[in-house]
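Asks: Sharing a structure with you now.
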Amino acid sequence: MSKKLHIKTWGCQMNEYDSSKMADLLDDYQGYTLTEDASEADVLLLNTCSIREKAQEKVFHQLGRWKSLKDKNPNLIIGVGGCVASQEGKAIKDRAQCVDIIFGPQTLHRLPEMIEQIQRGEKAVIDISFPEIEKFDRLPEPRADGPTAFVSIMEGCSKYCSFCVVPYTRGEEVSRPLDDVILEVAQLAAQGVREVNLLGQNVNAYRGATHDDEICTFAELLRLVASIDGIDRLRFTTSHPIEFTQDIIDVYEDTPELVSFLHLPVQSGSDRILTQMKRGHMAIEYKSIIRRLRKARPDIQISSDFIIGFPGESKDDFADTMKLIEDVAFDHSFSFIYSARPGTPAADLPDDVSDEEKKQRLAILQDRITQQAMRYSRQMLGTVQRILVEGPSVKNPMELRGRTENSRVVNFEAAHTHIGSFVDVKIVDVYTNSLRGEFVRGENEMDLRRSLRPAEILAKHKQDDALGVTHFKP
């Protein structure tokens, strides 16, 4: 009888990525298969997030539900990971005796050993250390699950924004070596992945070591990943404005695989609030980045994060945020009402914006973003869009579902043999959360790159120095 594993994941794409790696790891090392039913699992793992309000209480509420399962099955192993685990550590075990394992984002690779320790009779295992890049060295080879995939290129953040727990829960910025990233992408491409999303808390801070002891920048990494056979679409998440440098913007000019969509969090349009947040930039500097991006890629669309009701946010501050939203014409946003995160500098500030005012401002902001997004969607009406077919439509399995460059879901009728490939569709209808398309052509009728020899990649970026010596740089 096979052993069963149930993982519940909250939070960001990095947590989703980590959970998929936990599943692969425990399958490879100990033969655990995933189940959606917690009641039939031998191991329950909760991958937590510190970003949302009352994150800790949410964790203990879930553990209370799982305790009843452990009461029925004393051999059940319960583990808590992620950012709340890193933040709370032993306090989780003190409050929830049913928990056997507490691990941080940087120690998930040690899960097989932790589980074995519990099975040998140890009462609790806690490891929330920061062993830097060791995590990636211990993970199994990547497994494709459809035509899109996330690839983590770095961990942590060193920006220390006043509201954010990430530097304390995931550690400071550590980049994966270049060869490791390229190998993982190539392995996924060989399994049929066509779109890769490079992942990290602050990807544009990437500085990966190369085999010859040089450093690869994020801009160089983007070009290298885009040159891998089979990868025809490239995304990345998430960036910080203060390191969104010109060399990254230049990639948008010469790398068509990089999509015309960017998520670049700004958090506020008020310079005063940005200073309080310790963001390291002003609103005008953010707008300068967007202006240069649109010069390089005129059709690029921008999404952002916004925190509403940060301590001291006045009506004028909120008006500045709304002005920035109008000036930049954001296509999408993740917007949240501020709530203090324990241990952050902002937690010491008076939370002086009323809940009612926060809710009103959030509604106003989200309404404006929705209007702007619908305007962009209507502009797509009648156009032909290239989409990557991800699978059957959620609402109608007889139809297909794909995604445009600007992350809009398109439902359309076509043969299911197109799943995993690119198709062109004509947009014929617009809805709030999706588009309707008509099939135009399949991939066999497109002029997509099929094969590119290494010599051709190198020749594209050949440089000769003053002595006539040729160097190849990405």
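Here, residue 1 is simply the first one shown, and the rest follow in order.
Placement of Cβ uses the backbone N, Cα and C atoms for every residue, glycine included.
From Swiss-Prot, for reference:
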| type | residues | note |
| --- | --- | --- |
| BINDING | Cys12, Cys49, Cys83 | [4Fe-4S] cluster 1 binding site |
| BINDING | Cys157, Cys161, Cys164 | [4Fe-4S] cluster 2 binding site |
| DOMAIN | 3-120 | domain 'MTTase N-terminal' |
| DOMAIN | 143-375 | domain 'Radical SAM core' |
| DOMAIN | 378-441 | domain 'TRAM' |
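A description of the local structural setting of each listed feature is requested, covering burial, neighbours and distances.
Replies: Under DSSP, Cys49 ([4Fe-4S] cluster 1 binding site) is assigned to coil, being neither helix nor strand in the three-state scheme. Within its own chain, Cys49 ([4Fe-4S] cluster 1 binding site) has Trp10, Gly11, Cys12, Asn15, Ala55, Gly82, Cys83, Val84 as residues 6 or more apart in sequence whose C-beta sits under 8 angstroms from its own.
Secondary structure at Cys161 ([4Fe-4S] cluster 2 binding site), as computed by DSSP, is coil. All protein chains included, Cys161 ([4Fe-4S] cluster 2 binding site) registers 21 other Cβ atoms within 10 Å of its own Cβ.
In the predicted model, the domain 'MTTase N-terminal' (3-120) shows an average pLDDT of 91.
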Asks: Which one, from the binding-site residues Cys12, Cys83, Cys157, Cys164, has the smallest tally of other C-beta atoms lying within 10 Å of its C-beta?
Replies: Cys12
Asks: When DSSP states are grouped into helix, strand and coil, how many residues of the domain 'MTTase N-terminal' (3-120) land in each?
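Replies: DSSP composition of the domain 'MTTase N-terminal' (3-120): 64 helix, 24 strand, 30 coil.
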Asks: List, in sequence order, the residues of the same chain other than Cys12, Cys49, Cys83 whose Cβ lies within 8 Å of the centroid of the Cβ atoms of the recorded [4Fe-4S] cluster 1 site.
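Replies: For the [4Fe-4S] cluster 1 site, the extra neighbours are Trp10, Gly11, Met14, Asn15, Thr48, Ser50, Ile51, Gly82, Thr169.
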